[in-house]
Structures are given as C-alpha cells and as structure tokens.
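Encoded as structure tokens, the structure appears first; notes follow it.
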Amino acid sequence: MRRRPLCTSASRVTASLLLSFLAVSSAAELPILPAPPISPQPHSSEKDFSLRHIFHHGTYKYPELHRRLDVPENAAVWAAEHLHSEHREPVPRLRVKAEPMSIQRLADRSKEAIDGILEWGRMKGRAVQLAEDDWTIDEIAGPNVTDRETVLSFARMASNAYILEPNTGEWEDVGGGFNYTEDFGWESDGLRGHIFADTENSTVVIGLKGTSPAMFDGSETTTKDKENDNLFFSCCCGQGGQFLWRQVCDCQTSAYTCNSTCLVTALREKNRYYYAAQDLYHNVTALYPHAEIWMAGHSLGGAVSSFLSLTFGHPAVTFEAVPEAMPASRLGLPVPPGHEIGSLQKRKMTGGYHFGHTADPIYMGQCNQATSVCTFGGYALQSVCHTGKKCVYDTVKDLGWRVGIGTHKIVEVIKDVIEKYDAPPICEPYINCTDCYTWKYFESNGTETTTTSTSKPTSTSKSSKSNTRTRTETCKTPGWWGCLDETTTGTQTSTSTPKHTSTSSTSTCKTPGWFGCKGRQRRANHNNNKVLAHNYPRPSTHRNNNILFLPNINFFMSVPRLVRRLSRRRRPSLPNKTEVVNSSANHFVYVLHA
C-alpha cells in the first residue's frame, strides 16, 4: 500500500498544531460526565418456597409463651383444614413469581425506633408526625399478584394448619425459659406463624394464623378476643349497634356520638395479636437478617399481617382479611407526610394486596347485621375500609353465590374461588371509603361523668296497683318505636288513694338499640296487662317496657329458610281479648288483656 507523503508546508503544520491545542483546551474545560448507571440486577422471576419453621406465640392465656419448631429439609408436610382434621393432603409446590415494586417505608426500621413511635401513638391515640427525611421509597422484589399460581401459593401459605409426621422435630422455647410443657391447650391460644423460605434464603414469607375465635363465650380467651376486636374494629366499643354486641367501654354520649378521648383511653390496652406478631417478626428477621420479608395471612391473621406490613414496610398478600384501615389508625401506625392521619386507606405504595370475594360478609365489612353470625357471637365488626389495594372476586355476580359466613374459610376460598377463576382479579385502591361515616367524634378534657337524676314527688298514701310511666326530659335517643332512653323508676307516690298513679323519671340511655335501650331496666308491676308466651321457649333478657320479645330464631339457619318456615307456620290459637302488638320474621309478640 502506498504511504501518504508527509506535509512539508509551514502554514499547514502551524494550522494543524493550533487546531490540536484548541481541541485539548476545550476538552479540559468540559465537565466530566458520570458513568452510566449500572442496571440493577434483575429480580429472580420465579421462586420455590418450602416450610422451614413454625412459630407459636401466646396472647391471653400464655402471653409470655414463644416457641419454635424447626422443620427438617426432607420432612413430609401435610395440609389440613384444621389441626385435628382427618382429611389431609400433601402440600403442593409453592411457586411464586416476583416482580419489581416500589414501596414507601421508614428509613429507620429498627426495633427501638419502631417501639418508640408505636408507644407514642398508643398513648396519644394517633400517629406521630414524622418528617419527610424519615421516609424512603425503595424498589424491591415483590410478589406478582397478576399470576394465578402465585396467588394460589400465597393462599396455601396462609392456610389454617400444617401437620408434620409424628416425631418430626420438637418445640423449643424462644427466650425467657418459660416451661409450658405440662400445660394442656397452649396450642389453641395465640398466634401461629408458618415461615417459608426460598432455595437461596433470599426471600422469606411469614404466614400468620390467629386462633379461630369462638362465637359464644366459653373461655377467658374468647371473651378477651371479643374485647380486643370490638375495641379496634367497631366504631365506639360495640355501643350504639346491635343488642348482642359485647360492649367494652362506655364512651358513647348520645346517638352516633362518641367521646374520642374516652376511646383513646380504652385503646391504651395493647392489642395482644399485634404485639405478639411483632415479637414473632423480630425472631424471624434474626434468623434471616439479609432476606426480604413478605407477609401472608387469612381473616384476623390477614389483618395482623397488614399491620406488620404497614409498620416495617414489607409486601403483604392477605385473604378474606377483616377491613383493617380503622384499627391500623387506632394503633398509631406511622404515615408519611402529606397523608391525612386516620385515612390509611388513601395511602399509596404500601405493598398490600387484599384478596377476597363479594359473598364473604367479613371481607366486605357486612358482618354486623342483626342476623349475622358475628353479631350472634358478640363481635362488632363495623370497619369496611382496607389499606393498600383490594382484589375482589365477584362471586355473587359470576357464580350466583349468596352472602354467608360459610364461604369465609381459606379451604373453600382456594378450591371454590381461586382455582375456579382463570386469572386473579384486578387489584385496585379503594380510596372512596369511609369508616363509621354516621358517627361523630369529639375530644374532651377527660373529666366528664354521666349522671342520672330522678325526681321524688311527695307522698301521702300508698301507690295503686297500676302505674303509668312518663318522662320529664327530652328524649336523647329517638328510635323507630319510640324513645330508646333507658328508664329508671323513681319513688312511686300519690296524694290520695286513686286507681292510677304517675311515676316520673329521667334517664340516660348508654346503649340504644333497634327495639329499645339495651341497658338493664327495672320493670314496674303490670297487673292489667300480661304477656302471653304461647308454647315458646323461655324468653331471653331482651325486654322493652311492657312488651316481651320472644326470639324464635335458629342461629345457624339461613335467612331464606327461616322466612319459608315462618310463612308456613300457623299462629297459635289465642284466648279472647288477645291483641297482636308486633309480628315480624324474628318475633311473635302477643298481649293478653286482663
């Protein structure tokens, strides 16, 4: 190849040198550009999980109990509807797809920092105001809730019970050295956590399951469950609603009006399930300090999983969870600046996904009607708002289901809902939601007392057999069938010996209901009017002045079946001078005139 001859012209050489100097000087003045960002390592799109540990933390009967059972790698694990179920199935493959997600959480999530924030909120009844610098938005690997198999795996991890083969592992006490080996029934009290880890121990799922609450009082634990749930999930401690709701405080001042100062004082009692879950969480993070934590849970366990998710900033996938936005606010969980305190349902980037179907009254916030099983059990579940995003299967429209508590169990949800649909529902935030919208809350100085005054007219002779009750003050709680204020009979007097005397009294109804005041009432003697109970069981304590209501409901009978049975039933033959004063699907009330 022929080489190009060198340039010998002085002018050309000078021009070339000048251009070279200019290029070098210009490059020196230019700013040094940063290196292009290194693309983040792609999150593993598929993870296989297996059961590694089972934690059990006591709540009421054994509050200091905390045990751990390690599951061997090749142990045979079976799934069942409950611990004593005869029907068992081998646990299928737990495969989960992951995807990048953004989550807003506290920058300092240490135990000491979180405990200080929660203690302040517990004493004040509201979340502490934190600066914007205290929060961070992190991109982490989260579950892909658009994948059907991922949703199924989370539902199985939130299942009721996992049973190991006999003689597989032993329970060990986690700290404290408390020995409950000889105590019977410790497994039925408390919160149980099933710990799943992937093959690389990079992601851990905590599946929480609370002990199934009994519907009717039979033990101290059941009563404590009702007190705990009615404090956090009802509008005002179970007051101002159904007759059978268990009342756990006296903060209602009038109809749909609640003293928030009184309510905060009642809420200072720690939520046993939430604090037990925190202790369980810290033990899991100690075992897996570098792993990303995901949460799963069903029903009450789903609500507690959501509490942990909002507190420590982890993704959560729950199933048929009790609406938890209102109790999360009452726990004083922290919220980022710019968010209205008490409206956690409007908070974004929480990482929470709540799956459920429209036929479940607990998930939909409808298990508070007069004929609901929750009401019969004394539970006042009035909260309706979820945090994060709701993922709703419309089983009422798509499958023709009727609303009922029987569709709440996780086994039915897996087999009859998730596996029946070809794809999971779309998860959307439900921000146009308000808890207890008919209620008014006010703050006070905490020194108010409720008093009841009675008038005592002078008397010159004995009262007669028939008494007429009149009120001397304005009715504070009007109802459908008259005033619902509780009446306390004053001293019966008369100025002579007439046939009828009048009794004046004043009252304050603490707990209004549909058919009268729920408080204890003193009945006057009514000899002229007698209530006839015609071949019916002994009535309950539900009395309303001169009328005795006779419940005739099978608690476990469906409403349509009840209506059909009542429509076929003939009313009993009655004596003369008998008046039917009220008849409904729930009661037959007759009054026999003397």
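Note: Cβ is positioned from N, Cα and C throughout, glycine not excepted.
The following features are taken from Swiss-Prot:
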TOPO_DOM  1-12  topological domain 'Cytoplasmic'
TRANSMEM  13-33  transmembrane segment
TOPO_DOM  34-594  topological domain 'Lumenal'
CARBOHYD  Asn144  N-linked glycosylation site
CARBOHYD  Asn179  N-linked glycosylation site
CARBOHYD  Asn201  N-linked glycosylation site
CARBOHYD  Asn259  N-linked glycosylation site
CARBOHYD  Asn283  N-linked glycosylation site
ACT_SITE  Ser299  active site, charge relay system
CARBOHYD  Asn432  N-linked glycosylation site
CARBOHYD  Asn445  N-linked glycosylation site
REGION    447-473  region 'Disordered'
COMPBIAS  447-469  compositional bias 'Low complexity'
REGION    489-509  region 'Disordered'
CARBOHYD  Asn576  N-linked glycosylation site
CARBOHYD  Asn582  N-linked glycosylation site
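Nearest to Asn445 (N-linked glycosylation site) in space, judged by Cα atoms and limited to the recorded positions Asn144, Asn201, Asn283, Ser299, Asn432, is Asn432. Scoring each of the recorded positions (Ser299, Asn432, Asn445) by how many neighbouring Cβ atoms lie within 10 Å, the top position goes to Ser299. Note on proximity: among Asn283, Ser299, Asn432, the recorded positions of the record, the Cα nearest Asn144 (N-linked glycosylation site) is that of Ser299. The DSSP secondary structure for Asn144 (N-linked glycosylation site) is coil. Checked against Asn201 (N-linked glycosylation site), the recorded positions Asn259, Asn283, Ser299, Asn432 differ in C-alpha distance, with Asn283 being the nearest. Under DSSP, Asn283 (N-linked glycosylation site) is assigned to a helix (H, G or I) in the three-state scheme.
Between the C-alpha atoms of Asn283 (N-linked glycosylation site) and Asn259 (N-linked glycosylation site), the distance comes to 38 Å. Here the Cβ of Asn283 (N-linked glycosylation site) has 18 other Cβ atoms within 10 Å, regardless of which shown protein chain they belong to. In the predicted model, residues of the topological domain 'Lumenal' (34-594) average a pLDDT of 74.
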